[in-house]
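Everything on this sheet refers to the single structure shown next.
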Amino acid sequence: MSQIVTRFAPSPTGFLHIGGARTALFNWLYAKAKGGKMLLRIEDTDRQRSTKEAIDAILEGLTWLGIDWDGDVIYQFARAERHRQAVEEMLSRGNAYPCYATPEELDEMRELARKEGRPPRYDGRWRDRPASERPTDRKPVIRLRAPQEGVTVIEDQVQGTVTFPNKDLDDLVLLRSDGTPTYMLAVVVDDHDMGVTNIIRGDDHLTNAARQTQIYNALGWDVPRMAHIPLIHGPDGAKLSKRHGALGVDAYRDMGYLPAALRNYLVRLGWSHGDQEIFSTEEMVEHFDLDRVGRSAARFDFQKLENINGHYMRASSNAELFDAVMGLIPHLPDAEHRLARLTDARMEQLRAALPGLKERAKTLTELLDGAEFIFATRPLLLEEKAQAVLTAEARAHIAAMIPQLEAADWSAAGTETVVRAYAEQAGVKLGAVAQPLRAALTGRTTSPPVFDVFAVLGREESLARLKDQTA
């Protein structure tokens, strides 16, 4: 059996959207699971819409997700001459022909089809015209001489057997009148030349599969195995769109998701292995196959993604998480402000705070928000809830504790011993003093455990913040 070769072939007209990322992941996993290769092709034939920025975003998105490819990136536009050679071959076989229909004639065909309530199709008027009738004042398009009877059958690894009556498929354009190849042709020639054995893509390409199969047959080439995976829908069941929220992989990165978590979430969008939800990359590769991909659309669930991300954050080592936070900061809107405040001392405080922070946060941005107390400058701006907690009685408790804290062994355990002893001596519950301490130290009513905050901020800064609220 020949080596499995898959490909991911995005068009660089925007960011790497979440559906494309899942398609790339499925291709990557299938190749890895079968001991094969995944190739990357940039389908940049739309010169107006294809941009270098979009190409960079795709490459960066794949790299961030941990999806690598084999060999050099293939650029479709650079292969236009090869695409034209394939058309010459079809012309010589009699499987393609020049068509001189004018734009006006094509409009008339469309209008007639609309009136008769049928899909617009080219009527084949130049299919069998003799060369003597060809006009000399305009250049033709080149069309495929598609079969008009029978059916084109796709044996799809996800959708099963899909049959297309050939009468419903017209003679599609292979080369435009200016000599540029169409997408439909370029895809077939590139997949053949790249040795692609398996095409895995969204089921919005299913009709394309029938047309492309006809091109393969016209060239006498083997047709790769195809698998058309269902699209991703929003939580409301509609096709995933901008109104459902973030779409690009870069947006999920900037929202503080970990690549391993997003990878894990994406693999479960349409594929399953029993009831297992959390997969290491090794487990994905071990278990992935197309027979476990469903036919119905998968719904994107942000809450589930958050929960999976929270799991990966808690499972990450503090060193890994610190690196992830440092990697995220340059991509945040206030990156310059954050980086300016990121002194060596504060970086060490952030490292020290991570064990407590990661237990509460579901994303890196939530974690950074929870760490804001480290970067706050005195006197702290108090949130409304924190102001409400710092009553006159609460401030009096803080003032009474300061001398005892000044003498404490400065650690989470040491400060906890002092505060618990004070609460017992004062005849109040621990929360009655711990919550005001939290508000005075962080300006908020939510934070990592208050004794961890003492340890992270250190003796001098902690006592100074407490004194600010009792002055």
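In case you wondered, yes, glycine gets a Cβ from its N, Cα and C as well.
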Annotated range (Swiss-Prot: motif ''HIGH' region') out of 10-20, 142-152, 274-284, 307-317:
10-20
Can you say which of 34-38, 79-83, 239-243 is given as motif ''KMSKS' region' in Swiss-Prot?
239-243
Within the motif ''HIGH' region' (10-20), what mean pLDDT does the predicted structure show?
90
